Amino acid sequence: MKQYLGLCQRIVDKGIWIENQRTGKRCLTVINADLEYDVGNNQFPMITTRKSFYKSAIAELIGYLRGYDNAADFRKLGTKTWDANSNLNNAWLNNPYRKGEDDMGRVYGIQGRSWAKPDGGFIDQLKKVVDDLSNGIDDRGEIVTFYNPGEFEMGCLRPCMHTHTFSLLGDTLHLTSYQRSCDVPLGLNFNQVQVFALLALMAQITGKKAGMAYHKIVNAHIYEDQLALMRDVQLPRLPFASPQLKINPKIKSLQDLETWVTMDDFEVEGYQCHDAIKYPFSV
């Protein structure tokens, strides 16, 4: 929590106002933020200075790992995070690549599981990484990236957290996740949960020990209509101790994640928090 609150305070104190063309709002912005999560010791980075929810974030992550491209599939998993971007984004609604209601296009998981090749074939980046790590292989290129500029126009949103690099040191697995843009009051809690859970799950299904997750953010910002709530309500609150994330030990393979895993397979223990804060969301 200290590093999260430190980033929030840094934005409030030192951020620069930038006009965001997509949303039409100003953002108080800083460049470069590095966060670290101790996954090996299960220090789950769930925000305690406001009520936070982890299952929706993990549901979204599972949807990415399965290669989903439809908001309805994410809703079935337990998250509505793609409803707005797939159905309320005017640019996407008028995009000829949009296939209909709830369609997200070629974003996130589609790129991770089905990256299009020039010859008409596809690359399953995630399976390659899982197979390598399961066999104790780290070729210094154990990377899953969702960032495909050649297909940006074919999706409703460019990826924010776009690349995940896995590193194997002995039998301990580490993760470095890269994020180009972060709505800190709303999105960062989701992103922290996902980075932590991704390393925990990948270590579990490849038979490795989980180590550290390194979360690198380029553009970290607070929207103008979020600033007062962050500065005057959330930042003055004292954080509670970190909770722990419990994952069903029966999850042993990528196929398990693709088929039967639900949010009932995840539980948080020891979570204490302050009251909820309703931050505005910008589509």
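Each Cβ is built from the backbone N, Cα and C atoms, and glycine gets one as well.
The dUMP binding site annotation in Swiss-Prot covers R22, R180, S181, C182, D183, N191, H221, I222, Y223. All protein chains shown were included, and the count of other CB atoms within 10 Å of the CB of Y223 (dUMP binding site) stands at 21.
According to its DSSP assignment, C160 (active site, nucleophile) is coil. Non-local contacts of C160 (active site, nucleophile) by the CB criterion (under 8 A, 6+ apart in sequence, same chain) comprise Q179, R180, S181, C182, G187, N191. According to Swiss-Prot, the feature active site, nucleophile maps to C160, an assignment based on sequence analysis.
Residues or ranges marked as (6R)-5,10-methylene-5,6,7,8-tetrahydrofolate binding site in Swiss-Prot: D183, S282. Classification of S282 ((6R)-5,10-methylene-5,6,7,8-tetrahydrofolate binding site) by DSSP places it in coil, neither helical nor stranded.
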